[in-house]
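Remarks on the structure that follows.
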Amino acid sequence: MDTEPLSLSKSEIEAIARRIKRPIVLVGLMGVGKSTVGRKLANMLSLDFVDTDHEIEQAAAMTIPEMFEQFGEAYFRDGERRVLARLMEEHHGVIATGGGAFVNDETREQILANGIAVWIDCDIDTLVQRTARKDSRPLLKDGDPKEILSRLHDERAPFYSQAPIRVASADGPHHDTALAIIEAIDRWL
Ligand SMILES: Nc1ncnc2c1ncn2[C@@H]1O[C@H](COP(=O)(O)OP(=O)(O)O)[C@@H](O)[C@H]1O
Ligand SMILES: O=C(O)C1=C[C@@H](OP(=O)(O)O)[C@@H](O)[C@H](O)C1
Ligand SMILES: [Mg+2]
């Protein structure tokens, strides 16, 4: 039984899902919840879910840390741009991007033109705690994660803020942030 509190009924969520005609594309810094909240969001809306980082790893047959290590960030960014273009053409339901994807002009223009971009935003201290749980983010390895995340926030906020929808990542169940996204999309549609 689903015991999570809902401020929208199942049938209300279904009605909103029927009005969503474009992929929901989640953007924002590392740790805001694009991958985990995205999966939950897709599940709640009965839409399919893809994650660009996962797709890049599949295509390259190696992990992101391995890719950065062996070929450098530029190689990863090129793969990221190409994978995003393919995923946008495939008409998925929910797409979680990697934190740097929306900074690329071509990628951002394609997402803004053909998707529903949602910026998930969160305070830096929470992101430091969340990203410390996993060793999979090469950009956070060379220095103090708080300084790096703060710098990336300042550099990327002008891009993220071009997304028409902005939602705060609540520090509770993923369900709550997913629901906040559904409510924000409902208001925006
Ligand atoms: N809204 C949230 N509330 C609590 N924990 C969260 C939330 N969003 C993400 N997390 C946790 O933070 C970590 C990073 O989340 P993830 O979805 O991988 O972020 P991203 O893909 O944006 O880098 C994971 O451990 C995840 O469970
Ligand atoms: O912000 C970034 O530049 C990156 C974010 C990561 O994804 P998440 O945002 O899902 O952690 C991943 O794409 C790569 O490590 C680079
Ligand atoms: Mg992710």
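Here the Cβ of each residue, glycine as well, is placed from N, Cα and C on the backbone.
Heads up, TrEMBL stuff is auto-annotated, nobody curated it.
Site annotation (TrEMBL): ATP is bound by Gly31, Val32, Gly33, Lys34, Ser35, Thr36, and the candidate from Arg137, Arg151, Arg156 recorded at this site is Arg137. Among Asp53, Asp123, Asp135, Asp176, only Asp53 appears in TrEMBL as part of the substrate site alongside Arg77, Gly99, Arg156. The shortest Cα-Cα distance between Gly31 (ATP binding site) and any of the binding-site residues Asp53, Arg77, Gly99, Arg156 is the one to Gly99. Take the Cα of Arg137 (ATP binding site) and measure to each of the binding-site residues Asp53, Arg77, Arg156: the nearest one is Asp53. Checked against ligand 3, the binding-site residues Gly31, Val32, Lys34, Ser35, Gly99, Arg137 give Lys34, Ser35 in sequence order as having a Cβ less than 6 Å away from one of its atoms. Listed in sequence order, the binding-site residues among Val32, Ser35, Arg137 whose CB lies under 6 angstroms from an atom of ligand 2 come out as Ser35, Arg137. Checking Cα-Cα distances from Val32 (ATP binding site) against the binding-site residues (Asp53, Arg77, Gly99, Arg156) with a 10 Å cut-off leaves Gly99, in sequence order. Note: Arg77 (substrate binding site) has non-local neighbours Gly100, Asn104, i.e. same-chain residues 6+ apart with C-beta under 8 A of its own C-beta.
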